[in-house]
Each structure stands twice: as structure tokens, then as C-alpha cells.
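Per TrEMBL, active site, nucleophile is recorded for C471. Residues annotated as S-adenosyl-L-methionine binding site in TrEMBL: C247, A248, A249, P250, G251, N252, K253, E307, D356. What TrEMBL lists as compositional bias 'Basic residues' is 281-290, 394-404. The compositional bias 'Polar residues' annotation in TrEMBL covers 381-391. Per TrEMBL, the feature compositional bias 'Basic and acidic residues' maps to 557-584, 636-646. The compositional bias 'Acidic residues' annotation in TrEMBL covers 603-633. Annotation comment: TrEMBL describes 135-552 as domain 'SAM-dependent MTase RsmB/NOP-type'. Per TrEMBL, the feature region 'Disordered' maps to 273-302, 375-427, 555-677.
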Amino acid sequence: MSLYHEAAGILLGPTSHGGSLKSRVFGNKDKDKELKSPPAAVYALALESSKWSPVLKEVIENAQLLQKERKLTPVLAVLLVHDFLVAKGGIALPQTHGLRAAVERHKARLTSEFTRARLRRKCSSVDALRHLVEADARTGPVHPRWIRVNTLKTTVDDQLETTFAGWDVVPTVQDVIRAATESPPKRVLCLDGHIPNLIAVPPGPVFDFAKAEAYKTGALILQDKASCFPAYLLDPRPEDGDIIDACAAPGNKTTHLAAILAERGAFGLESVPAGASAPQQKKKKQKQKGKGQGQGQSEQPTIFAFEKDKHRAQTLDRMVNLAGSDGVTVVHPGHDFLKADPTAAQFRNVRALLLDPSCSGSGIVSRDDAPELFLPADASAPNSNSTTPTGTKDKHHNKKRKRPQASTRNDDDNSSKPLPQLVGDDGETVTVLSSDAELRARIAALASFQLALLQHAFSFPAARRITYSTCSVHAGENEHVVLAALASPAARTNGWRLLARADQPRGMRDWSVRGDAAACAGDEAVADACVRANRDDGRGVMGFFVAAFVRDALGPDGEKKGGEGEEDGPFVRDDNGRIVRDQHGIPTLKATGDKAVTVDEFYGVEDDDSSDNDSDDSDSDSDTEDEREEDSDGPFARDAHGRIIRDGAGLPTLKSTGRTVQLGGGGGADEWGGFED
């Protein structure tokens, strides 16, 4: 079967089960109905032909193509004429193929009618007509195309000089949206003010990302702004240990975590040249760790990515490799996070978890990605008058195939309304529900699963930070789940609480859209700690929800360590979250402004008030140099696995003295992460 017959089958096939065009092309799991043509080619042909179908309908009818070529159906005619007139490569069939010949023998008439259709729309060129077609195909508010610059492989500056060379930088996303509505759209971009390394560009043909080398190599990743909130709010740092992404496919958030860690020096990268990727030298070690063979803390953090669906896990694995984070990410294909043992040795250093579970997907933008398909009048249909010019408003000739909506039901007032639909968390599958009651039941079932996931995350012994997110607009999956989690024994027993807005990273503090206070039982503090994003509100984002949970570190006596606002530790940090150190690698305490330890204590030199014999000075200097040479792996005692030995409060032990490092006057109340930043 040819590409054109398969595309026609997709466009005309039954859609009563719901689903976007993309899900019908790529989500088909029935082996008997597998496409013979490349799915990407089928999708592109069906989508672009649908966009152009109002113009192509005019051309085909006025050229009387279906009257002269009786073997062509209306949908095949639209697909073939699209490629003949619009596609750069022409019709993708051999020159002698019957379908191609049926169109090309009417070349002169089709070309002439295409020119007339363009002029009727007052377009001076085909490019101008193309922009008009894109604008007409758009339904609802314009949303920008969000692009995350993958700092595992490149930098924003590099991309501005290469991929986006010649583009104008505008101050707001609203400027990008306005530029998208102009004809032709302007080549402008906006550097986002909330999420680092995120760029907004106009949608449509102004940026053909599929042809951009940076996109094909994983240096640029298409990711909605709101989808970047969870990893940014989790705020991972190298010294925080390992991370779990509990529901990781397709991998955008997983690779975002790796990129944030790389920027903070987790993998020894001070700067990333274009085309480079995360270090690979420890890939084998990380995979062994993922299988439970590694028993201790790695020199660099590991991201454990769970995905229980094996098919989606393949997508995750491809994304991780393309983005260059495979050296620091362990994928668990077919593994259910709820079945992971929190006390297992491989997870002993997991201190942060990102939870983005299955949800209703009610916040996802533009799920019905195919515009209406306009078909020319069928020559075989009775009473058809294909010679009527389609420029006139003849009702009979405005025949179009509209994507079927969910069936409707009559209420008591005899009015009808569409039934509720749920979009899968992959954004592609749609479940059509039979009633509002079924919608409520479905959300309740999802919320039960989401709460179970949160409670399981609370049970990881070393965990200190968790983000929970959905692409849903329903409070039942968002604020209600958060309230239930906070009230659960798992949260109360383990000391979990919401991360207050004042303690969130700057971009999330500045984001003005917060949780629904009414859905939080009137608790303004809880609502303010939650972050929402509303689609179609002019900010250019999808509907989204995220909240962060934190747990204070506990000392041996069960009391909280540190004070208010100390969630990021006791040391001064720079704008990227890295601990600021002096030339000796010693950090500075926030509370006092003093160094965490003196230089002598750092290198193990005893503080002796008695006067030294001058003749011993040279020997002392020599001994100190020898000690420093021997201590190339740092000044702290380590076990057989190379892990730093710490006391009950997490403080390291100095090799030279056998004493625990004392901070802030010897109180031992704060933990110094040593060289593990």
C-alpha cells in the first residue's frame, strides 16, 4: 500500500475511540494494522495536506480533476495535489505510477488554478500563501514554541551565534506571540526570565526545528516551559547525592535534571563546548550501580530513571542517549517505581526525587493537532456540480471532513454538549468518557495512584527533597493530592512539609500563578507554596501544577539541624547554586562569614602553642608537603570503597587527627559536604 493510501486511511479512519492525529499514526500497537510507510512521513503528509485542504479543494474542483480522473477519490486527490503543488520533492511515487500520472497529466490546469487561488487571497507569493495557510490552520490562542538549550552539549550563547544567528531578541513572550500573527512571521526569540536556558520562538514555519542540526543532535530540546518547572524547582546540586525520576518517559525532565547538575559542576564540566556531552568514563560503573552492584556514594550523582512501560522506556533510552546524559543516567526499563525498595543499597544516597505521574492531561495544549480536512465534491456523488466556482459561498461545496468529536447526549433541557475527554500523560492518547460522573471517578482513581507514589517517595531514608507535578487542571489531581500527602502518616512520621514560596528558586518565587486557595481548604500558605500554570492566559504555557516537599535533616537527638532557610546548607553559594570556596577549596559559613575550617586544620597541621626549635622547621615543612602529596584524594578518612567516613551527624573525619570537622566554633551542627560539590 502506498504512502498516499495509508495517509488517506488515517484521515478517513474511525476516530470514535478518540485520539489525536499523532496518536493514530504513532500510537498504533495493532500489528495487523502497522504502517508500511515511515510513520513520520505519513503524519507529515496527513497534517500538511489538512492545513492546505481549503486551498486544494478550490484547485481540484475548479480544475475538474475528479471528473476527468474517475479513479481518484477526494482524499487521495487532496494528498496527491498537495505534494504536486506544495511539497519540494513532488509526488513520492515512480514517474510511471498510475496515481502520479493521473495528477501530472493535468499539470497546466492545476498550476493555473493554484495561482488563481493564491491571488484571490491577495498573496504575492507562494511563501506568503504558506504563512496564511499556517495562520488559518491555527485554532485558539497562539502558543510559542519553547526550546530548552541542552547545556550538556551546548550553551545559549553558542546557539544565538549559530542556530539563531540573525534572529532578533525581544524582551517578552508576548512579543513572540505577536510576531507569530504577522505575515510573514518575524524571526524573533525571547530568553525566558523564569527558567534558565529556555527560549521561546514563534510557532510554524519560521523555525523548522526538524531540519536544525542542533535539534537533530540533542543540543536543542522541545519542551514546554511549564514542563521545565519540576526539575528547576527540585534544584538538584552535586553534593545532594543521587536522584530518582519515578515516571521518566519520554525523558525531557530526566535530561533537564542532568543538564542542571552539569552546569553546577557535577560532572567536572566548567564549560561545555558545542557538540560535547556529559562524561562517559563512568558509564559502566553507573550501570553496575543501577543493578545493585555498587554499594556506596559515587563521585558524581546518578539519576535513576524508572519507566514501567517497556515501549515508553525505549523512547526514554533514546532521549537520554541523544541528550548526552547516558553516562550519568541509569534507565530501569519495565520497572515500577512503586515496587522499588527504598532501603536497597543502590538507593542509599537518593536525596531527591522527581514525580511526574500519569494524569488526566487536561492541561495539555492543542491535542487535536490536525485542522479540519476540506474535501472536494465527489464526482460520483448525485447532484454534484463541480463546475461551480469554489470562490462562491455555495453551501453544497463547502464539504469538509471534520474530525469527529465525542458523541453527545441530550440533557433534560434537550441541549447537547461534548462528553469529557482525558488525554494520556504522553499527550497522545485520548479516553472519551461517557459522563461527568465517569470523569470524577477517573480523576479519583488517578489521585489514588498519585498519592501512593508520593507516600512511597516519602519512605526513602536519605531523601530530602521531592517535586510532584501533573499536566492537569483538576484540583483533584493537584492541591487535593498535596493536602492528602501532607496529612499522611508517611509525611508526618518522616517530617515532610511543603517548600515555602520564599525558599523556592528565584524563577519559581517570581512566578505569580499559585495554587487555588479554595482547593487548599482556605490555607493560603499551602496555596502559595504550590505553583500552577494556566493555558491560554497569555503566558504561552500549558496547564500545569507542581509542588515541592522538603524534609529537614535530623541530628542524632532527633532535632532539626540548621535553622530557618537552611535547606540549601550552611555555606555561601553563587548564582548557580555552587558552594563558594577559596583557593584551598574551603567553603565559607553563611552564619559567621568565617571559613569552615582553618587552613592548618584542613591540611592536618597540629596547633601547638609551644615554641618550635628552629632546626625542626624544615622537617616540619617537609612532613607537611609529604602529607599533602599523600592526601591527593583529600584530607578526609575514607573506607574501602573510597567513601568519606562521616559521623552520625554526617560530618567528615580528618585523616591526620582522627577528629570530626567542627564548624562554627565546634558545635558540629552543620554538615560540610567536603569535595563532593
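Each residue, glycine too, has its Cβ placed from N, Cα and C.
Shown on the structure are the features that TrEMBL records.
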| residue | record | CB count, 10 Å |
| --- | --- | --- |
| C247 | S-adenosyl-L-methionine binding site | 23 |
| A249 | S-adenosyl-L-methionine binding site | 26 |
| G251 | S-adenosyl-L-methionine binding site | 27 |
| K253 | S-adenosyl-L-methionine binding site | 24 |
| D356 | S-adenosyl-L-methionine binding site | 25 |
| C471 | active site, nucleophile | 26 |
Residue from C247, K253, D356 whose C-alpha is spatially nearest that of the residue listed as 'active site, nucleophile', among the binding-site residues: D356
Whole-number mean of pLDDT values that fall within the domain 'SAM-dependent MTase RsmB/NOP-type' (135-552): 83
Any further residue of that chain within 8 Å (Cβ to the Cβ centroid of C247, A248, A249, P250, G251, N252, K253, E307, D356) of the recorded S-adenosyl-L-methionine site: D245, T254, A305, R312, L316, M319
Distance in Å spanning the most remote Cα pair of C247, A248, A249, P250, G251, N252, K253, E307, D356, given for S-adenosyl-L-methionine: 13
